[in-house]
């Protein structure tokens, strides 16, 4: 909450604009420190933010201009102007002015309110304080920070702009940052300043004299990459991303640091990565635009027909009346054709109510109501963080009921990015399960008793474990168990922080490492402190110092890490942890039986979706180690093939290992994720996971979520490094799915005859397939000549996982599906690296919580947990779509029934553009008599209740197929409306030709006729909306029957003596309503008209439901039948899958931290923390690593280091005995 302001500048998904400067086409950027005059020569953006559009003077003209960009508003403005011309208008200008002004005022108030909040957000961001060096340190507002300024950051402060790190309070210019605002990851990352600038320290004089010039890449959106050079004192120093602090990061565990601003404002990588803001419109909006054009064309056709009729009538009949009914001057001087021309425009005005402006107002009110229902939904409220669901837009609600593709991030979206030590296997015995007194396994819940760790004063109170037998094994000092936890406490790169005695905080480079070290801590092997040469443990309360001889660091190829230590007794041991497939191949043959037993446990752990590591050790001989260390020293200093040489030496010593056991860590999914995915899949929604994680991590989560299953027919892995390889793999996968025997050998990607229409196959494929594609392969697959093959293959698969993808690739994948499949897409994520994807999709959803607010503030909808997506789509989305479709169907029906009566009347009034109804009825029909009932239906109607919406996900299918309102449905509703208008006119007309009043006089005067038709119309449309409403509330009853009562009240009031005496010219027909509606024959005509209008539609509906019931009809019948009997709940339970996969390894770790530790550059060595240290031998690898710079090691491994914009989850292997065989037959290169 403290830093929500950072992204509050984008709550309306608008783009930032910088003050006074515009982006130029930069090829490279030149920035000189402490030299504003030099930097002002370039059009660099500053940090001033302006998202508001108006001020007091410009609001009215700009807002009106924007509103009249809408075709509908312009259309009604033209009609208003036409109504002001007496020669063609038979209606008062009030009939159009009132609703038009109402719409304009409501929209203007809404825009003004939104812009005021934007203005407040701008001010809040721009006025934040930052320390800037201007001769001395001064507090400056953020908006005054410019490129080239030297700024000071303090612990827990947000970085104001993209900054080059110059110096910090930590040794060697290191600092720690949290990038949750960028990528959703809460684990800390290390940044290091250049050695030459870290010497500046906090010396203000030296920093003020610093005049280095940075030449670097232009502004871009690559969060993981920065390339530049620092020129200072006639020397050049290379710069990379490891020396940059990006806007949105938070400084952690570092007292202070100084940096030089490189990019500011709109040009920061955070803002560049936000993607282009796109105006989002629903498919119904687009359809309505088409329908309005159709209606206008139909209106013109009717106007032409009536104009031609007027011309003919005036020519043949009208001349006979010209003696006593004089023609107007223009017609008298010209001819009857001009009369027809004027009549055409008159009928355009009269018939315009087929598309009344109240339609657009009603649509906005309904959407606003649906948005509030989402905001008020208690079942989408996350009480733990006091976070409700929020509809951040009011224009996309019905689109939620039509989603076909969901694109989801993983870290922070599907998972909590929290690792928990769950189970383990030690010396062939599995720990972690709980059994009752009969030996039956008990399901672990929150109520299950936890192990008592009170014997350990240094334990972590948040740690939970339920199997007490493991604690007992530790207490009785079982050797294998003690060695197991000793390995976990020693073999890692975690840094401890102990602010108070016993108050330990572990700063882990990856969350799973933190989980393992925390587990060892609770079981009595507490990692207390470390130096570059020692590690201090407290083993069951006793301090033990181990000499750290070497760290054999993790990388993506080795999939393991090892440490070599000497214990106080002088024994040297190598401790190793890694993927079981890797460790098992390096075990001593004597471990065969133990390996088989441990493998069975690993299969069980994998079946529960846990992430596993195998643990092993080896006793080393002093002489062998000394000789090996000499070769290691030499290999670490050579220039060529250094990495290969070190890898060979690591491989040599990591053989003949003795197996200790295995760990099982749970990458905690958010609550309800597997059930949600299962339910959405049943709704025929395809879910694609787009993640920056490594392959094995992504696959492991896929299995945990049940998106990947062992019973799938095939899991295709696309990992080609060239376009031709990727093409071949995609084609092979496609042909395998389609069952084609011939494999194409050509390199072109033109569609063959077999692949000419894959949409048929998508519906008929029974077997389930999964497609997993790496980021480098995806880059080739997204090329124009390959993207269609990628799309066709992916759409044939049940599950698609794209791993190691960049933020821009996420957006490209979404755009590919959005453009080519013509399907509604939804993107959901939680970090800045998801913003482009969220903005590209039709609907963007942000997960709010601990990971930051950037995705939320760029989204259309937000909530705290992934599981709420099920309710958002299957309940709110489906209801919104259903309600909007019913609303539109009924609205067009009633307005055609209301308006086309004028067309029929034209044939009986000499095509004179005379209206059937009086102008007050025309004005009030849509805004008073029929507005509230249709609004109530559009807001509250339900075809089935929410329980059945969840229980029967297939009910979602009609929205995806757009069945409830389309061009065919529009044609049917217009046909029904025209039929109703025909009956409304001709039944009263035929009856009044012969009818007489009770006293024998004729009642067929025009006003009585109008009252009869108007009354019949109001009753018919009220009954029709009653038949169309499936879910009645008190509001529906009040609005429907209340509108009828209001109609009669206004009718009698307008024909009363009182109004006539006040406005004699406006209400001249005294007593017409009373005289007409007191006649029995009139009520008989009204009843006959009502029955004739309603019965055909009712009969068709009955027969359709009885003979061809839809799933909705069946569920509704079931719902009605079970009202007295409580329906049996059918909850989706999490299914524990059984797995035969070889490994569930997935380790969130990256290379380079081993050398960082052994170099000592990331720690402050004090007497209180270092502890006694045995002397090191001259060949100690600690000195080997001390002699090598951190920059060298990290630069050379840059290609393997996880990037800042994606999750740091590491690679692992995820396959089975069968799965391995199957996967090897898939598309690996």
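Every residue number used here counts from 1 along the chain in the order it is shown.
Using the three backbone atoms N, Cα and C, a Cβ is placed for every residue, glycine included.
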Which one of 91-109, 110-128, 129-147 shows up in TrEMBL as transmembrane segment?
-> 91-109
The answer for the transmembrane segment (887-908), taking Cβ pairs under 8 Å and residues 6+ beyond its ends, is 284, 288, 291, 302, 306, 309, 347, 350-351, 353-356, 359, 362-363, 366, 914-917, 925-926, 930, 934, 937-938, 964-965, 969-970, 973-974, 976-978, 980-982, 984-986, 989, 1013, 1017, 1020-1021, 1024-1025, 1028, 1093
Where the distance is taken from Cα to Cα, which of the recorded positions 409, 411, 830, 834 turns out closest to residue 554 (ATP binding site)?
-> 411
Of 91-109, 291-313, 970-997, 1009-1027, 1082-1103, whichever stretch has the most CB pairs under 8 A to the transmembrane segment (344-363) | 291-313
About how far apart, in whole Å, are the alpha carbons (Cα) of residue 692 (ATP binding site) and residue 411 (Mg(2+) binding site)?
-> 9
Between the C-alpha atoms of residue 409 (active site, 4-aspartylphosphate intermediate) and residue 833 (ATP binding site), the distance in angstrom, to the nearest integer, is 9
Separation of alpha carbons, residue 804 (ATP binding site) and residue 834 (Mg(2+) binding site) (Å) | 13
Rounding to the nearest whole angstrom, report the longest C-alpha distance spanning 409, 410, 411, 513, 554, 577, 611, 691, 692, 693, 804, 810, 833, 834, listed for ATP.
-> 33
Can you tell which of the binding-site residues (611, 804) has the fewest other C-beta atoms within 10 angstroms of its C-beta?
-> 804
How many of the residues that make up the domain 'P-type ATPase N-terminal' (31-96) does DSSP mark as helix, as strand and as coil?
-> 29 helix, 2 strand, 35 coil
Quick one: Cα separation, residue 411 (Mg(2+) binding site) versus residue 804 (ATP binding site), in Å?
-> 12
Average pLDDT across the domain 'P-type ATPase N-terminal' (31-96), rounded to a whole number | 80
